[in-house]
């Protein structure tokens, strides 16, 4: 720090004004003020002391006071500009920490801030969570530091955890990588595991899935030895607890300690419904069970300040713009929750008007909405809020009164001060701002009210709203008016009966911000922080009452005060005892003067009563009884070798609440053991399954051609058994009524809210699948957020829909955030306007005029991007003239501000982590592509010399889920001869290599390209074999890649067809150009919403095609199946059949494409097939659908009879099995699952992308069903590097269909200057080998193809290069070894996660599809060409195969496939890998290479999107 700056700061901090000298027995408190230039953030007392710290955020400094704020000094041990965050140790009154950012060195004090020492955390503090430090409750030296390692600045950051056991006296040690927050189990003094060694060492970490950045894939891991290797094999000691009794749960998003409870919150894909799990020892866990009419959703529940014997939670039950809730209280183990009070008042931040009275058990105050029904009907209606209090822990509530009038108090939702709202440790003293009357009035009309009997009775204090504090155990009440200019404080020395005023010194006037004192309210000193008149003027006012009275209270000045009394003033019992405090009498003329000594209650046990008992484990209260909801826990040895009707002494259903101290009376007790039958100790044995398929048809009246249908899906961990589908019959001109089913089509009804409504389009939320929006052309929208249980509505801004654009855009994390793009008309002109809402349509703000489209590009998966980022394409100037160019405009603050990023663009699309923009190149009259990761900076793409893009007019963006953009570049084409190349980018989307040429496409630039769902890097394409012979019809062949497009091979043909007959041609095992299996691709698909594979059926894939030298006519095609991800295929049916996957792949269903009355299904992966008739006469099956995850055992057939009537048939296969499959990890024969590993056809070791992954699949001979979602990746082993882990580098290409990469004809390898310029932070360039590592490969050692050549220094990095590559010095050798290991180990893993998905890749094949109405008419431009033209010369097709993304989205309608609704260009989340690229990773810290940390943060996966031209339409 500069000396001058230090002196100025010191002078400023010590420039203070005394108002009154400290004289004995003064009539008023003493004041001392300090003037500041910046607000004193984060002001904190060291507990039980007058020592205070605050931080100056503007200067990055810490200041300290030893006299309760009277004087201040600057902490000189911390250099100016370093202090970023001040953290107090919650369990040690002498320790505090100052964190720096950026930086890996931080500061600590162990002597209340007198001295500070720096410590090495070896990582930066994480920017992704607030709880940087996690403290051990009983050992202050044990601290966990949640940090992050970053690559390329803060572009790709991964969270890591460090720890110390000596209070950072020595450097922090590495705990675990790939974390999302770690904490000690013993994070609360009340919590215990029951074992001293576990209390000391046990750590819980939320761990990011190795393959995914999705919060829905995070898991909870526990370790008792700091996640260290427990043996020489390097296996980390950690285990995953069974959160749901018998099985682990994925999707863990938060862990919190509440008193003696440990709470874990988990989320699932497709929904914002949450699951809560509770433990009081980390050993036994329970799912928190709420009444069935209320679910726990993200951002809709608040864990309140709970007790030592129960958890209290408030759950929002209404619309977020005007929220209300219901408060629940659990039993003592946190399992079952019962309703306390309805219509609690909440705000949109999740704050609830609830507060317990400090130090008194069983008393808390709440505000509720008195006109709840009115507010529910009118979301803009004004709440009429009333205050109530309970004295029996929420069993009953009663009004609050002052002067015989009802009193209402402003509470937590209107916080105006630090700390608690009403009470403090001062026994029985409570204050609040409010008013008397029928309900709570506005804040400005409030006055101060006081109670000295814990809220039973109240008196009025000073008029107007005030900040207030308690001192000297309640002897002093201090208040300051909440106003713009205040020059006095008010105080009372007799519990608020009388008030005096004291002027601030030197005519000082401030706007009060904070009034505070010590945590225990035992001090006579207070601190007031206020804002002065001038700009950047703040004041700290120290207020001292210690000189006002000489007398110290004697015993005669004290009284006994009972915390809870009944109407007659008699002490009442709670938790088996009464509670009494010794406190100063109201009118005593003395101070207690027991600083830093907390009041301690006296208790007296009561005789036990019914309220001292609760329902026992596996029992639930039903009125006045406890009923069994599970199995009875039998004592050890009971029922061993006994019959089901034999008895034992077991629980009565009741137990004494743990911690209850009541005295038992003589005689029978409520929890006495009773006779129980042994059959009650186990679940009833299920009866034998029927083995039958249930068929339930439903007729839709009228003449129709097809159906529009949408699945409203649920989360994987949802307890809801319903399967909801919305459908309506349609024809070319109109649509019928909307129907809804909750049982997958067995019964249907018309929702009253939608009956006879003219619905233009149905839009399902692509991220939160329980939501659907029913859009009318006027802009009125009806919607449901709970699978059709309830319906709401809003009016969109503007003048209705624009039929040429999708009206709604959704945010991936916030279900209430929406963008509406509609028509806005002013005078004689109309244009598109984009408006934004944060409360699901209640309020709108215009963000852009003359807009083409907008997308939310911010997401929790993109840690390198602003979460509030929106990108829009907007006309460069307003007006309706043709050919006005568009600009790419982005905003990182929800369009409070915005900036033009690219000019003259045609369109943009998002794909995985990439944003790709197509802009017009006016010189070449063609398109030019740009790519961005952060949405702010865009780099031009560079294509290899063997790819001609000089006159490019269209690009199709294919699946890009593996840290690389896959771009289809069409070749100059003749009519019906569209072919092109697939180019694959590097990890930042800028440098491309050719993956494969001659790929088939159609005139709309849709491509025969298919990704296999769930598995990484398995791709199918169709190429045109005779592309040089332009006069011949196309001869197409199918190729498959198991290396993400690095190498290709033919599909191996089966030997015999479905009838056992030999095929006419034979080939090698892997197929060749003369004989192979060929599959009809995306360009021939009538329904672009169908996929070959399913997210839930790993390794399984169907296809329709033929065996031969080329692909034949589809009329001659048969149906084929692979169960090993394309390594081998078998013919399962003659002819072309449709397929669907059920029960996560254990049920496969087929139906003929011709008229039929039967379906065929298999439960053994196609070894045997069974037929089932679903109707009496052959009908046209328009479609067969099920849930997108493939996890249901119900299917729907959508059919049309010859008389043009339509109907749907539910096929229920639950009768095939009624026992849930079980996984037994250590007993393969007992387990119903086996570990299946995909393999590479060219590798004998089953390695793919540098590792061998094992997936759980149900054994085909087991008669059970998959009750729960199967663990996606069971385990993974890392492999050595081989050729299959590398692909051709920039300007190199495969030599034929071979394995060698050669320089493209006429091309030059990338020069050292070009490579170093593209990688400015790298020091070393290797002469090109022709190869580069596949970004998702995790291989280590072995044969390294990309950097075995000669190395050279990058310009400007010569010294660094010499240090790395210089002579044989020990340190240099050490660096070389480290860099080599870092380059080999820090490589990307990308396993695409699609368990709740409907599609992945440019070809979106889900298990459902739909048709639409007018905009779905075959003559409609939406169907004819899913494009948007932008100019006559150079245009860019805008909408395209990019549907609603990959991962957890299902394929909905063809409309969605084109992106008319629900997220063109905006994907869902993808998976997290360990880095990529051929260069060595440059880590933030010196030992990061040893940690196994990832290089990539959130990655988004999406489907293909077409960027091209079309001259048929204009904008």
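We number each residue from 1, going along the chain as drawn.
Cβ atoms are placed via backbone N, Cα and C, with glycine included.
Summarising the annotation, Swiss-Prot assigns compositional bias 'Polar residues' to 683-698.
According to Swiss-Prot, the compositional bias 'Acidic residues' annotation covers 1498-1515.
According to Swiss-Prot, the repeat 'BNR 2' annotation covers 107-117. Tertiary proximity for the repeat 'BNR 2' (107-117) is limited to same-chain residues at least six positions away from its ends with a CB under 8 Å from its CB atoms, namely 46, 49, 51, 53, 62, 64, 75, 77-78, 82-83, 93-98, 100, 167-168.
Feature annotation from Swiss-Prot assigns repeat 'BNR 5' to 739-749. Residues 696, 698, 700, 722-728, 787-788, 1186, 1192, 1194, 1196, 1208-1210, 1212 of the same chain lie 6 or more positions beyond the ends of the repeat 'BNR 5' (739-749) yet place their CB under 8 Å from a CB of it.
Taking Cβ pairs closer than 8 Å, the repeat 'BNR 6' (836-845) reaches residues 319-322, 348, 379-380, 781, 783, 785, 792, 794-797, 814-820, 870, 894-895 in its own chain, all 6 or more past its ends. Per Swiss-Prot, repeat 'BNR 6' is recorded for 836-845.
Outside the repeat 'BNR 8' (1120-1130), and at least 6 residues removed from its termini, the chain residues within Cβ reach (under 8 Å) are 1012, 1015, 1018, 1020, 1040, 1042, 1051-1054, 1077, 1079, 1099-1105, 1148, 1165-1166, 1238-1239, 1241. The repeat 'BNR 8' annotation in Swiss-Prot covers 1120-1130.
The feature repeat 'BNR 9' is assigned by Swiss-Prot to 1161-1170. Here the repeat 'BNR 9' (1161-1170) has Cβ contacts under 8 Å with residues 693, 1100, 1121, 1123, 1130, 1132-1133, 1145-1150, 1213, 1216, 1260-1261 of the same chain, all six or more residues outside its ends.
Here the topological domain 'Lumenal' (25-1370) returns a mean pLDDT of 89 for the predicted model. Annotated topological domain 'Lumenal' per Swiss-Prot: 25-1370 (among others), in sequence order.
The annotation topological domain 'Cytoplasmic' is assigned in Swiss-Prot to 1392-1426 on the grounds of sequence analysis.
For 1448-1515 (among others), the entry in Swiss-Prot reads topological domain 'Lumenal', with the evidence type sequence analysis.
Note: the repeat 'BNR 6' (836-845) comprises 0 helix, 3 strand, 7 coil (DSSP; helix = H, G, I, strand = E, B). Under DSSP, residues within the repeat 'BNR 2' (107-117) fall into helix, strand and coil as 0 helix, 4 strand, 7 coil.
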